[in-house]
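Below is one structure, written out as structure tokens; the observations come after it.
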Amino acid sequence: MNLDSKDPKPKKKFIGFIFAWRGIVEVYKTERNFRFHVAAAIGVVAAGFLFDVTRLEWAVLLTIIPLVMALEMINSSIERVMDYLSPERDPLVGMIKDISAGAVLVASIFAVLIAILIFLPKMISFSWPW
Ligand SMILES: Nc1ncnc2c1ncn2[C@@H]1O[C@H](COP(=O)(O)OP(=O)(O)OP(=O)(O)O)[C@@H](O)[C@H]1O
């Protein structure tokens with residue numbers, strides 16, 4: 001099996017999934033923020049089961065969680081592209097990276113607001129079943 005990403009015609013289509021998985025693993029290994037997002041996602045899903053969230057609430061959570069993670073991956077990708085194209089310090093490169101990081105921040109802030117909206121009322125009225 002040829003895993004060289006420069007191969008223009010991978011023999012089997014599913015190899016594309018292996019490349020994509022390799023990208024996810026790379027970001028997980030190298031980006032602390034991404035590992036934080038993964039940990040937060042696990043915590044939110046656990047809280048979802050604990051507080052028995054509705055189907056609509058699951059739909060909202062399962063939309064915002066991968067959105068933040070995907071934006072973090074795109075941000076990491078843009079950082080690498082910029083470092084490759086322009087290894088020297090440059091104000092425009094810095095601005096491009098700032099904007100890209102800002103996109104993650106915007107989604108993250110709204111993810112926190114959504115989590116508060118969904119979980120805070122449930123936490124206030126929560127009582128252990130025993
Ligand atoms: N080539 C550059 N020119 C100007 N500013 C940069 C450049 N690279 C990074 N910056 C600034 O640093 C911020 C963080 O960038 P990045 O996450 O790529 O880290 P870094 O500064 O390159 O260091 P490292 O990759 O070692 O963490 C950017 O949002 C930008 O403000």
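Positions of Cβ are set from backbone N, Cα and C atoms, glycine also.
The transmembrane segment feature in TrEMBL is assigned to 34-51 (among others). Same-chain neighbours of the transmembrane segment (34-51): 27-28, 57-58, 61, 65, 68-69, 72-73, 76, 108, 115, 119, 122-123, 126, counting only residues six or more beyond its ends whose CB sits under 8 Å from a CB of the stretch.
For the transmembrane segment (58-78), same-chain residues at least 6 beyond its ends with a Cβ under 8 Å from one of its own Cβ atoms are 23-24, 27, 30-31, 33-34, 37-38, 41, 44-45, 48, 96-97, 100-101, 103-104, 107-108, 110-111, 114-115, 118. According to TrEMBL, the transmembrane segment annotation covers 58-78 (among others).
According to TrEMBL, the feature transmembrane segment maps to 98-120 (among others).
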